[in-house]
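To keep things clear, I will list the structure first and then write my remarks on it.
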Amino acid sequence: MPSNKSVSDAPIVQFTNCRILRDHQLQREDLWVREGKILNPEKLFFDEKGSADVQLDCKDSIIAPGFIDVQINGGFGVDFSLATDDFKSGIDMVSQKILSHGVTSFCPTLVTSPPSVYHQVLPQISVRNGGAHGAGILGAHLEGPFISKEKKGAHPEHCLRTFEAGAFQELLATYGSLDCVQIVTLAPEMRRSSEVIQELTKRGICVSLGHSVANLSQAEEAVQHGATFITHLFNAMLPFHHRDPGIVGLLTSDKIPAGRRVFYGMISDGIHTNPAALRIAHRAHPKGLVLVTDAIAGMGLAPGRHTLGQQVVEIDGLNTYIAGTKTLSGSVATMDTCVRHFQEATGCSVETALEAASLHPAQLLGIEHKKGTLNYDSDADFLMLNDNLYVQATYIAGEEVWRQDVSGM
């Protein structure tokens, strides 16, 4: 087949007998992959006169973009907010194990911690591509410590901070570096938060509003200064009130700058958000919904005591509490579980459920030209799923990195 050689010697793989999620619809097409990218078959046929080197029968599976988790605190016994000597091996293990749940890229998340923890941990997190070694790392999500004492949730109060004079310099001193940071969650009602939001946005860092008692106008002002995300909607914020809906009101606000979309994270685990609240949010602003796990070290482990940064937490079934309290502290849900629960709770289409865990987080981070879709020339990070949205296989850069062991089922 010499006709391909003019463009590339790399083999072309054709995935057949599948339904591909493209342009918001499942389409019965083949998927063509070469050198980690999705190919346009028309160009291949007409410009290169090429054809497939390898054909794979997908047996009528759904092919969807890989899931992107922008809020995950750890899992499988690893806590991203604990400064350990073997932090790197911990993050490597989590990135490996989440492949089976369809996650191909993620933002390791640190909860409110002392500056010493940020200074130790952040230099050990580096942005990297995914592969057989595990899901890609898009950069850290720093949730706190610039958050509200009243809505601290599972965050340790003694580590919380406010912005004083020279607010942005103070943030830099607290974190030590912003080199690998992708998202910062802060409370917008804090004095001087506007200048911090502007400075972070200027550096291409996504600002998320959360753990906050902000009213709607404070939240709108933060968005006007560049904030684009809401951290786990409904959790750790003022409840919706008809005279001042607070941060929740951003979902239908008419004060959002033209051409800007506000996204919001939802922990769709059946615990953090009542299905009715999930439906309300989804119907109010479907294009902004981003599924997150907010998973903690206890994800994938037996019930019992585990850590979340500086706190001890207890897992009881799907509930995770700060030990000795009824304060929820992250989740133990996996991303594929969240996708299935979201679809079931809202009655939305399969396409919508899948895009909430792929396209929307990619759009939030501004990487939708390469992740979160199966458009031509985008990264070949994708999943094979059955009709019930159980992951059968995970691919990164066109290479199979995980497959369901059918013999054990």
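Cβ from N, Cα, C; glycine included.
All annotation found in TrEMBL is predicted automatically rather than curated by experts.
These features come from TrEMBL:
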type     : residues                                                       : note
DOMAIN   : 62-401                                                         : domain 'Amidohydrolase-related'
BINDING  : Glu143, His211, His232                                         : Zn(2+) binding site
BINDING  : Ala154, Asn235, Ala236, Arg243, His272, Leu328, Ser329, Gly330 : substrate binding site
ACT_SITE : Asp294                                                         : active site, proton donor/acceptor
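Residue pair Arg243 (substrate binding site) / His211 (Zn(2+) binding site) shows a Cα separation of 21 Å. Within 10 Å of the Cβ of Gly330 (substrate binding site) there are 32 other Cβ atoms, across all protein chains. Taking each of the binding-site residues His211, Arg243 in turn and counting other Cβ atoms within 10 Å of its Cβ gives the largest count for His211. Neighbours of the Zn(2+) site: apart from Glu143, His211, His232, residues of the same chain with C-beta atoms within 8 angstroms of the site's C-beta centroid are Gln71, Val111, Gly144, Ile147, Gly153, His155, Thr185, Ser208, Gly210, Thr231, Asn235, Ala236, Asp294. Long-range C-beta contacts of Ala236 (substrate binding site), restricted to its own chain and to partners at least six residues apart, with a cutoff below 8 Å, comprise Lys151, Lys152, Gly153, Gly210, His211, Ser212.
Rounded to a whole value, the Cα-Cα separation of His232 (Zn(2+) binding site) and Leu328 (substrate binding site) is 12 Å. A count of other CB atoms within 10 A of each Cβ picks out Ser329 as the most crowded of the binding-site residues Asn235, Ser329. Separation of the C-alpha atoms of Glu143 (Zn(2+) binding site) and Ser329 (substrate binding site): 13 Å, rounded to the nearest whole number.
Taken together, the residues in the domain 'Amidohydrolase-related' (62-401) have a mean pLDDT of 96 on the 0 to 100 scale. Remark: His272 (substrate binding site) has His232, Phe234, Asn235, Asp294, Leu328, Ser331 as non-local neighbours, by Cβ distance under 8 Å and separation of at least 6 in sequence. Across the binding-site residues listed here (Ala154, Leu328), the residue whose Cβ sits among the most other Cβ atoms within 10 Å is Ala154.
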